[in-house]
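Residues or ranges marked as active site, proton acceptor by Swiss-Prot: 174. Annotation comment: Swiss-Prot describes 7, 8, 9, 10, 11, 12, 32, 94, 117, 118, 119 as NAD(+) binding site. Feature annotation from Swiss-Prot assigns substrate binding site to 81, 87, 119, 150; the stated evidence is sequence analysis.
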């Protein structure tokens, strides 16, 4: 198993290290355009092997040739958000970057699974799908796992319970229009609505929607990376080990939820072939309406990129 991580910034490097530590691949390639950065970080990771007790080979490179025959490609390249920026503000700049990256990686790896992390997430996943010409099952985005993790962490903090006992789904676009689905949120099987007042739930939902911006505002010059990297690696683990995990991911919907030809966060079954099934769960009317509105925002932004992707 060979996994390539594109982008040796905070998210990419953290993800590469977690992949190596968990021995999800025999070889991890960390790619970046800045000479020395991926090589130095990869060597540092490899040298942690005797302490972390892993044998994964980790290489850094600025040459796409070294990514050849990758089974999974994690794309984290792009500009990070700054205070006051929305994910959509990054649209044109990161679309150009993701287009170039995708064009290059598929030259050397013929049938990889591509996991997108670059923002704005759902739109960049669309860019990766169009440019790679891979089957839709093999191009997906990391969004809902992260958004759900944030929602779960806020619930655990509020109730002072273990995060392990929290189950939650956040669907829709990876942005302010995301849709935390409260009806499927539970604590050790107990519906959240039985443990928490509605106004408190609404506060946590709002905080989840603004979770990325909250961290950006603290950091001033950068964005979240521990939780995004961990979320991406959870998806990789599900694929590498064919776990058939049900996780919320950005997937190409073709009629599900009344949404057509748009990448948006939905519950999927993840296995060795990528997305093996998109689950169409029952949503309340307001949730379904919010999901469709979220998809409409993604679709509009994708349409604005038509000339770039031609």
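Glycine is no exception: its Cβ is also placed from the backbone N, Cα and C atoms.
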Query = Measuring Cα to Cα, how many angstrom lie between residue 32 (NAD(+) binding site) and residue 174 (active site, proton acceptor)?
reply = 25
Task = Check residue 119 (NAD(+) binding site) against DSSP and tell me helix, strand or coil, would you?
result = coil
Remark   = So residue 9 (NAD(+) binding site), by the Cβ count within 10 Å over all chains shown, scores 19
Request  = Could you state the whole-number distance in Å separating the C-alpha atoms of the residue listed as 'active site, proton acceptor' and residue 119 (NAD(+) binding site)?
outcome  = 8
Remark   = One should report the C-alpha separation between residue 7 (NAD(+) binding site) and residue 150 (substrate binding site), rounded to whole angstrom, as 23
Residue 117 (NAD(+) binding site) and residue 150 (substrate binding site), distance between Cα atoms, whole Å = 16
Remark   = CB neighbours within 10 A of residue 117 (NAD(+) binding site), counting all protein chains shown, number 29
Least surrounded among the recorded positions, given as 7, 11, 174, when other CB atoms within 10 Å are counted = 7
